[in-house]
Structure formats: structure tokens, C-alpha cells
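One structure is given below, encoded as C-alpha cells.
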Amino acid sequence: MAGGKIQKKRHGAAGGAGGGIGRLQGGIPFEKSKGQHILRNPALVDSIVAKAGLKPTDTVLEIGPGTGNLTKRLLEAGVKAVVAVELDPRMVLELNRRFQGNPLSSRLKVIQGDVLKCDLPYFDICVANIPYQISSPLTFKLLSHRPIFRCAVIMFQREFAMRLVAQPGDSLYCRLSVNVQLLSRVSHLLKVGRNNFRPPPKVDSSVVRIEPRKPLPPVSFKEWDGLVRICFNRKNKTLGSLFKQKRALELLEKNYKTMQSLQLTQDAEIGEKMSADDVALLANMVEDLSMETGDEKEDDEMEMDADMAGDGAASFKEKIMDILQQGDFAEKRGSKLSQVDFLYLLSLFNKAGIHFS
């Protein structure tokens, strides 16, 4: 279970998250809006802790400890400390009662608050069963945390987890996949059935391991995401078609003219590094990054043809098409491009003085 931002339930439920009716040992009712599901299978809890690869020197961040089933196993694993962030004051009280008088309590610190709003302390590893409605913003908040942690072992709704690990050409490969994999290595650890929770959610879950990349790729994340956003606007359209859209051309031409007027050098811009603040921009993009597919809504934008554009716009459009053809990207689709492909495409645009932020 987890403490996180209270939101209307989405996508059917959650597995540290979601709806359902139930009560804790003391008769405290679960709150649907807070995504409260207790992981009740001891063997599964042990497996999660084992796969985390904990060390005696580790400070572990746990998000949404609930009644402390996972917390207890983490402390018993002999780590240096466990910092648990919980939103629900009733759960904080229950957690404190559970460990009152227990020698393990000296290594436990409980923070009551919204994990998306509070400043996270130093930690080496994150182990958590979270409310699924905060999956996307929490993932990027963790990836923007400094100093960089060793890894995170987190339970997500299964479909979200599959998007995190999806590869080019997979049906679930999307902007979320590309952005998270740019910043980290993601691997699937366990599939978790809904009956491992009390009360059971409406969806299955999966545990994934996220290891932040060190160092971060030498690109501006705002630039990167600007490019990827266009490429996944409609994932089954070719890049040649997407970059002919009026809105995309107008945005890129505006950026191009701004850069020209400021007389920024190509080398200075290409050398821009990714920063924690850069990555943190995605922490608020819940709606368009959490469960998006990139082809769910109709694209009502029009392609800009020669009759619609003036000489300047037509010339800029030709410039864009030349770049795509130079890298043999015009007939390719964003859903098929790898990290290396996106990096190469971004470099081609940047070398031509075209930027996405």
C-alpha cells in the first residue's frame, strides 16, 4: 500500500493502489481514494526484498508502507535505515503502534506526507508498492532525485510496467517507454496476481527494477522530449507525415527563428547537458504519459502544403524534409525507433539549427 497524491481512481484500480472495500486489523476502513491494498502474501514480500539486493549500509526509501508488512521485512534484512513516506495519518499511527517497543524501530523513520510534494531524503534504494494513480509522476520524481540512487524496485499496474520495459515495435512502446529508458535501465522482475492483495484490485501487477543511468546522456531532456512528443503524436504515422503537420512546422520554425535572432552557436546548444530540473519537468505529466498509446485520439491537424504556406514556410518545410531524408527517417515510424535512432535524429536537427524547446 502507499501514501501518495489523492486522485480519482483511473484505469481500473491499483495494487499498492486502487479501490476496494476492506478493513485493517483494528477495524480501520480502507480508503478507495488513497489506493489502499495490503500486500498479504508473505512469500511475495520476501521475494521482493530478496530481488532488491539490499546491503547492510543501505538507507531504503519505502513509499506507502501501510500497515508495515513490507517495512518489517526490510528492517529484518538488516539495512541501515528505512524511511517510510505515508500519506494517511491513520496508517502512520498503525505503523508506529506495530513497531512500538520493537528493537527494529530505532532504524525506522516515518514521514507523514504526500510523496509527490515532499522533499525526499537521501536514500540508496527505493522499495515500494505504490498507488497506481501516481505511477508516472513518481517515476520521474525518483529519476530526478539527487544524488542518484542505486535502484528502485517498485510494484506497478501490470500494463504500466509493460510500457516501461516495452521495446521498439512492441504494441505498448510509447513516449513513456522512450523517456524512462533514456534515463534508466528497466527490467521486469515479477508478475503479481490480484489475489495477493487484500482487498484484491481489479488488475494484475508487476514488479520492475529501475536503475538510473550514470552519467545521464549528454542531451537536453526538454529537447529530447520535444522531439519524442512529435514522433508519438500518432505512433502509426510516418515521421514524414508527422513533421508536415502545421502545428509542428510552426513550432519548429518559431524556435529556429528565435535561435537565429539570439545568435546562439550550434556547439553551445548541442553541448547542453541534462539536469535534474530538466528531468523533473515530467513529474507533472500524469495525463499524457501514464497510460498513453500515442494513437488513441484523432489528429485534427492539417498538413501544410505549398498552397497554404508562404515562400518562407515552404522553404522551412523543405528544410525539415531534407533532414528526415538525410537520416532515412521520412518513412519510419516513432514506434519503431530505438534510443540510438532518436539520439541520431535529434543530432541531425540540432546541427541544422532546429530545436524542440
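A Cβ is built for glycine as well, from the same backbone N, Cα and C atoms used for every other residue.
All TrEMBL annotations are machine predictions without curation.
Pulled from TrEMBL, these are the features on record:
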- His37, Leu39, Gly64, Glu86, Asp114, Asn129: S-adenosyl-L-methionine binding site (BINDING)
- 1-12: compositional bias 'Basic residues' (COMPBIAS)
- 44-214: domain 'Ribosomal RNA adenine methylase transferase N-terminal' (DOMAIN)
- 1-20: region 'Disordered' (REGION)
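Sequence features, as recorded in TrEMBL, placed on the structure.
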{"residue": "Leu39", "record": "S-adenosyl-L-methionine binding site", "Cβ neighbours (10 Å)": "22"}
{"residue": "Gly64", "record": "S-adenosyl-L-methionine binding site", "Cβ neighbours (10 Å)": "29"}
{"residue": "Glu86", "record": "S-adenosyl-L-methionine binding site", "Cβ neighbours (10 Å)": "29"}
{"residue": "Asp114", "record": "S-adenosyl-L-methionine binding site", "Cβ neighbours (10 Å)": "14"}
{"residue": "Asn129", "record": "S-adenosyl-L-methionine binding site", "Cβ neighbours (10 Å)": "33"}
